Amino acid sequence: MEADEVTIREQNFHSQVREYTICFLLFAILYIVSYFIITRYKRKADEQEDEDAIVNRISLFLSTFTLAVSAGAVLLLPFSIISNEILLSFPQNYYIQWLNGSLIHGLWNLASLFSNLCLFVLMPFAFFFLESEGFAGLKKGIRARILETLVMLILLALLILGIVWVASALIDNDAASMESLYDLWEFYLPYLYSCISLMGCLLLLLCTPVGLSRMFTVMGQLLVKPTILEDLDEQMYIITLEEEAIQRKLNGVSSTVEYQTVELERELEKVKSKKTNLERRKKASAWERNLVYPAVMILLLIETSFSVLLVALNILYLLVDETAMPKGSGGPGIGNASLSTFGFVGAALEIILIFYLMVSSVVGFYSLRFFENFTPRKDDTTMTKIIGNCVSILVLSSALPVMSRTLGITRFDLLGDFGRFNWLGNFYIVLSYNLLFAIMTTLCLVRKFTSAVREELLKALGLDKLHLSNNPRDSETKPSANGHQKTL
């Protein structure tokens with residue numbers, strides 16, 4: 001008996017070591033990829049080893065860690081779905097014995113833990129550490145900045161805990177809730193992370209429909225459009241003449257008229273961009289122009305329509321079946337049964353849709369007017385903006401598994417702390433979320449595909465002459481060539 005117990009302990013120990021090793025290797029790969037992504041956009045600073053350089057380097061490492069956690073949260077649900085299908089297809093295969101339910105549950109728990117750590121500790125520390133200068137009267141240096149950062153973190157934590165305490169007391173005023181208010185680990189942090197998850201899902205609800213309609217424009221800019229009834233040589237000739245005319249104007253303008261110089265430089269950049277696109281269209285092959293572009297557009301339309309169809313079916317399931325709720329469905333477990341009707345093919349389609357929704361949400365996030373200036377630029381993004389982008393992507397990626405399960409994109413149960421959010425058990429919140437997503441996505445697509453028709457109607461009615469545009473430059477005051485301002 002003692003020998004059997006020793007053998008079981010050894011097996012458990014080796015199993016835990018193997019799981020931790022796999023988690024470490026996966027995270028190391030994500031960390032390296034995240035580091036290259038951030039350094040591609042980070043503004044190049046001087047190579048001096050001063051105090052600010054050390055602070056920037058520490059903030060860079062923390063931001064890289066957060067972006068790696070975000071990538072892990074995005075890959076969490078697809079990895080779990082494909083692992084379930086692999087375990088069903090090859091249950092006794094020796095080479096996939098490391099892939100088990102314990103590893104999947106461990107990954108979900110680690111993703112939840114690191115998401116909380118980055119969101120509530122590391123990113124606030126990186127921001128306050130970057131902006132800190134040290135308290136007045138103390139010797140300047142790294143220690144003084146760390147001290148100020150820690151004080152700011154403590155004050156921020158007290159503020160957030162106070163807000164959560166008051167909100168909880170107002171919502172649930174019974175004796176059990178009042179007792180749970182004093183439990184920091186078991187009540188405060190899960191409740192706070194549940195609120196952050198709800199905010200992330202609401203942000204996804206706003207960004208994803210916009211991104212789904214915006215994806216057609218983005219792919220149209222990346223791909224080469226078919227040349228139907230177009231003469232590219234004539235367009236290239238006209239663009240070349242425009243470029244030469246603007247260049248002559250720019251050379252003839254006096255350096256004292258700064259406004260005209262800036263405007264001409266902007267026009268020259270636009271003309272050069274158009275010329276580059278035309279050159280690319282001329283060099284593209286007939287297959288790329290006439291086959292790839294229509295195929296990609298049709299594929300995007302199919303994926304978007306299929307997503308809306310799944311949400312509509314999920315609304316019907318919610319009305320007739322309680323197990324459609326994202327919380328408390330009690331699934332069969334990992335490796336016991338397929339959660340997709342079409343087996344491995346259905347699981348692959350679910351994974352494609354999950355990645356498509358994530359990419360669309362990111363595109364929609366940066367397409368919103370409020371976040372337009374938040375978009376990172378290559379080699380010209382400050383560290384503060386990088387921290388803000390990492391936090392935003394972390395919130396979106398952490399809410400992605402919850403949104404995918406809430407919308408019925410997948411039937412895979414939320415594991416770990418992701419399935420313990422209180423609002424997931426509220427029928428009215430889940431149903432309203434599905435309805436809003438379906439309605440907003442449909443409206444965005446209708447608005448996208450009817451924009452050309454609306455423009456033609458405005459032209460036919462003569463309303464296009466009213467210049468109904470949202471461009472703020474139309475109402476600005478512009479100086480004339482002699483330096484006096486003219487009001488339009």
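Numbers run from 1 along the shown chain.
Yeah, the Cβs are placed from backbone N, Cα and C, and that goes for glycine too.
Taken verbatim from TrEMBL:
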| type | residues | note |
| --- | --- | --- |
| TRANSMEM | 20-38 | transmembrane segment |
| TRANSMEM | 58-82 | transmembrane segment |
| TRANSMEM | 102-130 | transmembrane segment |
| TRANSMEM | 150-171 | transmembrane segment |
| TRANSMEM | 191-212 | transmembrane segment |
| TRANSMEM | 291-319 | transmembrane segment |
| TRANSMEM | 339-366 | transmembrane segment |
| TRANSMEM | 386-403 | transmembrane segment |
| TRANSMEM | 423-446 | transmembrane segment |
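Here the listed stretches are 58-82, 150-171, 191-212, 291-319, 386-403, and the one with the most C-beta pairs under 8 angstroms to the transmembrane segment (339-366) is 191-212. Within the chain carrying the transmembrane segment (20-38), a Cβ under 8 angstroms from the stretch's Cβ atoms is held by residues 60, 63-65, 67-68, 71-72, 75, 98, 103, 106-107, 110, 386, all 6 or more beyond its ends. Segment contact holds for the transmembrane segment (102-130) and the transmembrane segment (191-212), given three or more CB pairs below 8 angstroms at sequence separation of 6 or more. Among 58-82, 150-171, 191-212, 386-403, 423-446, 423-446 has the largest number of CB pairs under 8 A with the transmembrane segment (291-319).
The stretch in 191-212, 386-403, 423-446 that contributes the largest number of Cβ pairs under 8 Å to the transmembrane segment (58-82) is 386-403. Remote same-chain residues near the transmembrane segment (191-212) are listed as 112, 115-116, 119-120, 160, 164, 168, 304, 307, 357, 359-365, 367-368, 395-396, 398-400, 402-403, 406, 417-418, 420-423, 433, 436-437, 440-441, 443-445 (criterion: CB distance under 8 Å, separation of at least six residues from the stretch ends).
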